[in-house]
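Here the structure is laid out as structure tokens; the discussion comes afterwards.
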Amino acid sequence: MSADHVLLLGPPGAGKGTQSKRLAEEFGLEHVTTGDALRANKHMETEHGTPASFMNEGELVPDAVVNEIVQEALSSTDGWVLDGYPRNLSQAEYLTDITDLDAVLYLDVDRDELVDRLTGRRVCEECGANYHVEFNPPETEGICDACGATLVQRDDDNEETVRERLRVYDENTADVIDHYRDEGALVEVDGEGTPDEVFERIADVVRGD
Ligand code: ADP
Ligand code: ADP
Ligand code: ZN
């Protein structure tokens, strides 16, 4: 049987969202993404402040807020692909406490390519589809192919915040990759090439080929 507790790791812009959506469709999994969950609640007041106050600066939202989102999402579904979590070692420990994992993948993409992917990203807030002005443009500029809504640039996809997110990734999330690598669980996948090519590499791992 194919893996149904799938973790997709990688730096911002590696293609986690793009590939998780496809995996979810192909393998009948739920796409659990902390980024989307936080954006849907970005003005929610918590004792630490709103998610937006961290996200717009490119900083991590406090663990307590994110852990609760993940715990609730995973406990209400059997099969899932988790995207955007864990982002530090303490979140990784929390995840180990609440569930097991069948496959841990790491999408590897060159740093310059990440900046180009992130600053050119456009998203549909209505249906969640994502595009790139150059690498994956919609049929009509600025309009979602899937639902016709107007595409927007995320508040944190400007070059300055992108650089900060990559710095935060190096400072916090690189350790998470090492942690799974040390455990022998990590499967590294080349994240460059077309989305179709990358998907085939990932799907082989999830199928257990
Ligand atoms: P990307 O896909 O570009 O990496 P995400 O949508 O995953 O971006 O995350 C956007 C922002 O949401 C992050 O910069 C961070 O502020 C917040 N965030 C998402 N996931 C987490 C997490 N696991 N822990 C803390 N903050 C998170
Ligand atoms: P993440 O969730 O890891 O931040 P996304 O899936 O949102 O990454 O992808 C970031 C940007 O790069 C989006 O604009 C997306 O359309 C584009 N993208 C995704 N995969 C590829 C690819 N293989 N080649 C070129 N651009 C890509
Ligand atoms: Zn749409």
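Along the chain as shown, the residues are counted starting at 1.
Glycine is treated like the rest: Cβ placed from N, Cα and C.
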Stretch carrying region 'LID' according to TrEMBL (options 44-81, 82-119, 120-157):
120-157
Summarise the model's confidence over the region 'LID' (120-157) as a mean pLDDT value.
97
Among Thr34, Arg39, Glu59, Leu60, Val61, Gly84, Tyr85, Pro86, Arg87, Gln91, Arg154, Arg165, recorded AMP binders, what is the largest CA to CA distance in Å?
25
I'd like the number of other C-beta atoms within 10 A of the C-beta of Glu59 (AMP binding site), please.
15
